[in-house]
């Protein structure tokens, strides 16, 4: 009997929170995996150290100006160094069985599509991929016999609750939200909230940008759109509930009145491990819930005045086309301006809505055929329009 073939894996966004948790799981069983590609951003030391430890074929930094540093850090390791958007796509096109897509933002779309085109299972932690180009991504997966598995904790929870179920029997999907750093702040205080304050998540250990998106609930707005794309459910049947403990990740309601809930400690290794080992379940190094110690779980409806991003997500789902790409790009650029201290916390939603309104005034842009090029062009234009709106404010 021959030896079992190693499973070829790639991790895009390897130096971020999701990527590091994925590496943690893979490193516990290194003899089972052949690491093809790792990608990261500016943290060259971490990227190089992980590439050496996992003996990756190639390590890619998103920043071309850091290629020299990456090559120096990998000297003598036998790991190839590459940099820039084209290198990310080339790495995604390298044959792999399983690919983690954890690059933050729209930059994850092109390498994700490349992975699908070579038939890989794409573990999707990059929610922007479906928000910006859901129809394109799903059609690419279908055409090439590839598979998409959710890694967001909410969508993984829904996916697990639906095992063996008929989507026709699903009445509603409920995704939970912690409410973020400001969930209990008085509304009048939000205008003075800083990026540093927004980056303090009460439950999850995540990067700065996604933690701020949690505070504004732009993160949840993206997840609502992703739920529609991933599960093909009518937007009117997707609900959001604020759940401060972050122990219930999602619920699925059925037409017989049953409500199936998925519970687990707030540890992303749950969802990552499920996607990594699917369709099996294997032991994971995560805390087990002690319900008696937990005592109680709390839920409340989100406040529309506090979280206008949810209303904008509903508009995007109703509008369709390339509006998701506009929404995401405008959100990302508005977040840049908030982090830089140029706008207030409450200004982000207004800026995003203004850009959506401007695109709606020229519907030919939103209704253009969805291709990688049109998504990319729309993304760039939306960012430019955010900057133009900022310049107008300053003038």
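The backbone N, Cα and C atoms fix where each Cβ goes, and this holds for glycine too.
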Inset, instruction - Name the residue, out of 179, 180, 207, 232, that Swiss-Prot lists for the same NADPH site as 15, 16, 17, 18, 41, 43, 126, 128, please. - result: 207
Legend entry - Per Swiss-Prot, member of 90, 196, 223 binding Mn(2+) alongside 152, 154: 223
Legend entry - Rounded Cα-Cα span from residue 219 (1-deoxy-D-xylulose 5-phosphate binding site) to residue 17 (NADPH binding site), Å: 15
Inset, instruction - Using a 10 Å cut-off, grab the number of neighbouring Cβ atoms around the Cβ of residue 223 (1-deoxy-D-xylulose 5-phosphate binding site), all chains included. - result: 26
Inset, instruction - Out of 15, 127, 152, 154, give me whichever of these binding-site residues has the highest number of other Cβ atoms within 10 Å. - result: 127
Inset, instruction - Taking only the Cα atoms, work out how far residue 223 (1-deoxy-D-xylulose 5-phosphate binding site) lies from residue 126 (NADPH binding site), in Å, as a whole number. - result: 10
Inset, instruction - Based on Cα distances to residue 127 (1-deoxy-D-xylulose 5-phosphate binding site), point out the closest of the binding-site residues 15, 41, 207. - result: 207
Inset, instruction - Name the secondary structure element type, per DSSP in three states, that contains residue 152 (Mn(2+) binding site). - result: coil
Legend entry - Top Cα neighbour of residue 154 (1-deoxy-D-xylulose 5-phosphate binding site) in the set of binding-site residues 15, 126, 207: 126
